[in-house]
Amino acid sequence: MSNKKNEDIEMRAVEGANDFGGEKDPFLGRNSPVLRPRGREPTASAYFGKLDNSPGASIIAYCLSSISMTVVNKYVVSGESWNLNFFYLGVQSLVCTIAILLSRQTGLIKNLAPFDSNKAKRWFPVSLLLVSMIYTGANALQYLSVPVYTIFKNLTIIVIAYGEVLWFGGSVTPLMLLSFGLMVLSSVVAAWADIQAAIDGVGHSAETSAALATLNAGYAWMGLNVVCTSSYLLGMRKVIKKMNFKDYDSMFYNNLLTIPVLVVCSLLVEDWSSENLAKNFPIETRNKLMVGMIYSGLAAIFISYCSAWCIRVTSSTTYSMVGALNKLPIAISGLIFFDAPITFGSITAIAVGFVSGLVFAWAKVRQKAQEAGLLPTTKPTMSASAQSNRDANS
């Protein structure tokens, strides 16, 4: 889905949190302690000052914004006849772009650079990768349950980690390998549980074939999404450093440049007949769908704000661990709101996926500590291309 910000969070987890955007947050400055005269009642500004520097509040806000984004995306694309994903993603990008511009006008975002056509041309290939990522993600979420979708998203971390080894001189530690094994295991268990639930639910009949075909389509889209997401995040990391973009610069260009692409794709590929529009937006749910589409665009801003807030008042390590822990409530939200099958296999897959995220987050913490010289370390193994690049630059 436009899990644009969710995907950015995945990348930040791989890198150790907020390494590829530059600034932590353009409009979240560190507040000085609020002082009030003795004997007076606390003012509203004092209360909000405390809240703004509360680690617990920032963590809760980040988790709620991320969960709500996934739930709303799933709700919108779960219609029986839904087939307007390009249109939906275009609305998301439009809402997000308008929200960023309004935030700049009101002073909430203080350092968003003016639009530069030369930068836009250089950034456009990244935006095309973003379109492929969000479109394949939307289709995968349409066919798969939220828990399965969340579990399979972990596979993106593996691809990105090895992409970093090849192109950025990264390394993979034994603890990371353990987490990767757990991620693969959780995905296999989730797929097996999903298929068994489909067979048990409808029996061996034509309905079984239809249910399995739906799951197979979901897995195919999920596989494409893993490739597209990894390509987008690795490509963005490479380009963003050359262009010296801040967090909200990249978000602004991403959303602005994807709007024409998504609109053209929607007009060319999707059915805009009145009959199909009526199927996609039934009268009984039309208003809810429109609200959900608008909220999903705003949610990208909310997640970005809460991510930076969490990093500012806690640490990148805490943020990374919270991102891993947040996989569990996201998966559980799918069980609660969308009647996903609750079986021994599905619960096991969620548990293993949750543990794999924790192990990976801990592995990144240890790796950063080693790089900082806080732990004993050995020379990491890297690819020949990365080693040659390092030798050439030394």
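Cβ atoms are placed via backbone N, Cα and C, with glycine included.
Over in Swiss-Prot, the protein carries these features:
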TOPO_DOM  1-56  topological domain 'Cytoplasmic'
TRANSMEM  57-77  transmembrane segment
TOPO_DOM  78-81  topological domain 'Lumenal'
TRANSMEM  82-102  transmembrane segment
TOPO_DOM  103-122  topological domain 'Cytoplasmic'
TRANSMEM  123-145  transmembrane segment
TOPO_DOM  146-150  topological domain 'Lumenal'
TRANSMEM  151-168  transmembrane segment
TOPO_DOM  169-174  topological domain 'Cytoplasmic'
TRANSMEM  175-199  transmembrane segment
TOPO_DOM  200-207  topological domain 'Lumenal'
TRANSMEM  208-228  transmembrane segment
TOPO_DOM  229-249  topological domain 'Cytoplasmic'
TRANSMEM  250-270  transmembrane segment
TOPO_DOM  271-288  topological domain 'Lumenal'
TRANSMEM  289-309  transmembrane segment
TOPO_DOM  310-317  topological domain 'Cytoplasmic'
TRANSMEM  318-338  transmembrane segment
TRANSMEM  342-362  transmembrane segment
TOPO_DOM  363-394  topological domain 'Cytoplasmic'
Among the ranges 151-168, 250-270, 289-309, 318-338, 342-362, the one whose Cβ pairs under 8 Å to the transmembrane segment (123-145) are most numerous: 250-270
Contact set, same chain, for the transmembrane segment (250-270): CB under 8 Å, 6 or more residues outside the stretch: 4-5, 21, 83-87, 89-90, 93-94, 96-97, 100, 112, 115, 119-120, 123-124, 126-128, 130-131, 134-135, 236, 240, 300-301, 304
Arithmetic mean of per-residue pLDDT over the topological domain 'Lumenal' (200-207): 60
Listed stretch, out of 82-102, 318-338, 342-362, that has the most CB pairs under 8 angstroms to the transmembrane segment (175-199): 342-362
Intrachain residues whose Cβ lies under 8 Å of the transmembrane segment (342-362), provided they are six or more past its termini: 13, 147-148, 150-151, 154, 157, 175-176, 178-180, 182-183, 185-187, 189-190, 192-194, 196-197, 320-321, 323-325, 327-328, 331-332, 335
DSSP helix/strand/coil residue counts for the topological domain 'Cytoplasmic' (103-122): 10 helix, 0 strand, 10 coil
Tertiary contacts of the topological domain 'Lumenal' (271-288), as residues 6+ beyond its ends and Cβ separation under 8 Å: 75, 79, 81-84
